[in-house]
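Student: This is the structure, below, for whatever I ask next.
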Amino acid sequence: MSISKLRLFDTHCHLDFSVFSENVDLHIKLAQKSGVEKLLVPAIGPSNWQRVAQLAESYPALYFSLGFHPYFLSQSSHSYIDQFEQALDNRDEKCLALGECGLDFAIDVDSKLQESMFEVQIELAKKTALPLIIHSRKAHNRVLQLLKKHHFNQGGILHAFSGSEQQARQFIDLGFKIGVGGIITYPRANKTRLAICALPLESLVLETDAPDMPLNGLQGKVNHPKYLPIIVQTLALLRGQSEQSIAEALWANSHSLLFSL
């Protein structure tokens with residue numbers, strides 16, 4: 001079967017960002033032409049909660065999540081918590097998760113602020129029975145500590161995974177799927193490649209993180225959901241499995257996590 005005939009779910013792409021906003025119709029059609037039938041657009045903060053919800057309402061292929069991305073936090077972020085809780089309570093059925101949220105210790109945002117906002121979101125995910133879309137950079141151990149502290153067992157997606165098999169399995173033990181993106185197309189990402197090959201197929205989901213995280217050979221270009229088949233092809237080669245079996249399994253994984261409520 002041609003890769004273009006496979007059914008793919010991009011569990012993390014920012015189609016609301018300005019680089020796509022002038023012609024969302026076209027970008028969705030390009031993705032669908034590549035076999036990407038469903039796309040999850042995670043919010044980054046109050047500035048785009050409404051935008052991602054409107055996009056999902058306008059396009060059958062799109063779904064969304066609401067959250068506070070650590071990179072965009074400020075001292076005023078706490079003042080939006082009540083509004084956030086209200087938005088979650090009144091969420092549309094196409095809101096499939098809470099996020100993008102988590103910790104990023106590689107940026108100049110106060111770690112205590114990051115942790116406090118992450119803990120708020122963990123508790124709200126428990127209250128609303130939503131899975132978490134987690135951003136974790138140089139922070140895997142602390143993210144795990146906070147998830148365990150709050151006895152979070154609803155799972156979610158560890159977005160843009162880059163790390164060891166041991167780290168990945170700790171998240172899998174808490175019910176998380178591992179987001180497989182363009183990093184596996186880089187031969188130098190040996191540790192991540194080995195980890196992805198060693199993990200059970202049922203623990204993986206696909207993502208592009210478009211417009212960020214360009215694939216190997218496409219550096220300097222805007223990343224796009226239409227490139228998701230390249231990630232499938234790479235994953236199939238690395239694992240020694242067929243593209244068909246990879247695509248079918250990860251399609252099922254995405255649905256079992258995001259549509260199980």
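Glycine is treated like the rest: Cβ placed from N, Cα and C.
Because TrEMBL annotations are produced automatically, they should be read as predictions rather than curated entries.
Worth saying up front: this structure is predicted, and the values here are computed from it rather than measured.
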Student: Looking at TrEMBL, which one out of Glu85, Glu93, Glu100, Glu165 binds divalent metal cation 1 in the same site as His12, His14, Asp209?
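Tutor: When TrEMBL describes the divalent metal cation 1 site, the candidate it includes is Glu100.
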Student: Just name the most isolated of the binding-site residues His14, His135, going by other Cβ atoms within 10 Å of its Cβ.
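Tutor: The binding-site residues His14, His135 were compared, and His14 has the fewest Cβ atoms within 10 Å.
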Student: Just the number: how many Å between the Cα atoms of Asp209 (divalent metal cation 1 binding site) and His159 (divalent metal cation 2 binding site)?
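Tutor: Roughly 9 Å, rounded to the nearest whole number.
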Student: Rounded to the nearest angstrom, how far is the Cα of His159 (divalent metal cation 2 binding site) from the Cα of His12 (divalent metal cation 1 binding site)?
Tutor: 8
Student: Between His159 (divalent metal cation 2 binding site) and Glu100 (divalent metal cation 1 binding site), what is the CA-CA distance rounded to a whole number of Å?
Tutor: 9
